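Undergrad: According to TrEMBL, the protein carries these features:
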{"type": "SIGNAL", "residues": "1-27", "note": "signal peptide"}
{"type": "DOMAIN", "residues": "29-87", "note": "domain 'Wall-associated receptor kinase galacturonan-binding'"}
{"type": "DOMAIN", "residues": "212-248", "note": "domain 'Wall-associated receptor kinase C-terminal'"}
Amino acid sequence: MASRKQFLFNFNILILFLFLEPLQVHSVCRNFCNNIPINYPFGIDDGCGTPQFRHMLNCSTDLFFITPSGNYKVQTIDYNKKTLVIFDPAMSTCSILQPHHDFVMTDIQSVTIPPSPDTIFVLMNCSIDSPVLNHYKSLCFNFAGHSCDELYGACTSFKLFHLLSNTTPPCCFTSYNTVKFMSMNILDCSHYTSVYNVDSLKGVGPLDWLYGIKLSYSVPDTGCERCAKSGGTCGFDVETEGMVCLCSASNNATIQCGAGIGMNAGESLRASSLLFESFLVLLLIFHVILL
């Protein structure tokens with residue numbers, strides 16, 4: 001009998017210590033892809049983030065930005081400046097020439113997350129009949145004191161164009177709107193590259209330019225702050241695309257999770273934990289009395 005009582009006592013102590021471990025809330029949305037944080041308004045799981053950016057990011061071996069013209073590896077996301085830098089593996093750079101390629105975004109992407117104003121597209125090896133060298137010369141410009149001649153002379157891969165034609169075009173830099181409305185076939189250019197942060201490239205040679213595409217986005221105001229303060233994750237209903245506060249894998253809310261107004265998620269969790277622990281203590285005392 002004493003042995004049975006001792007067993008029950010030890011069993012209850014074990015249960016008590018197991019349940020006194022800190023309770024944890026598991027997010028229903030992954031917030032990292034490799035070393036890149038995934039925060040609102042983005043999501044890599046359907047229903048996370050905002051519907052405006054739905055299916056734009058994919059996390060496989062790396063984080064990719066998905067467009068009609070291909071998948072572009074995401075280099076960085078700056079949530080303070082609201083920018084995202086991607087790299088087109090099919091575009092040319094100072095050190096390598098790539099085949100003919102277009103950069104194409106959907107209409108929604110062009111509105112919600114277009115290339116930033118300090119990103120330029122460089123059209124390479126264009127024919128003398130190219131629109132940007134004739135009827136649409138105004139679409140082409142030089143930037144920060146740089147010229148096509150400098151680019152063709154400094155970059156190993158682009159020197160070939162100068163050797164073939166024994167000349168360089170008067171202009172080759174343009175904005176995203178040019179490649180948005182005219183394909184490389186229409187522009188009659190064989191290669192392109194893209195450079196970002198051009199406002200800071202005055203006096204910097206082409207070998208040290210930042211090659212890639214910087215996208216700029218805005219964050220829609222959906223009342224996400226209240227959801228986040230209550231311990232939830234901002235998301236949306238995958239059928240209606242209406243805003244949802246994701247509280248757990250099995251519980252969603254319209255505005256906020258179970259935390260009360262004025263009580264943050266940590267305080268709410270600790271309050272629930274203390275209540276549960278108190279119940280377990282009373283249960284243990286009750287069992288000991290019955291022994």
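Even glycines carry a Cβ here, placed using N, Cα and C.
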Undergrad: Could you put numbers on the helix, strand and coil content of the domain 'Wall-associated receptor kinase C-terminal' (212-248), residue by residue per DSSP?
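TA: The counts are 6 helix, 14 strand, 17 coil.
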Undergrad: For the domain 'Wall-associated receptor kinase galacturonan-binding' (29-87), give the DSSP counts of helix residues, strand residues and coil residues.
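TA: Reading the DSSP string over the domain 'Wall-associated receptor kinase galacturonan-binding' (29-87) gives 3 helix, 27 strand, 29 coil.
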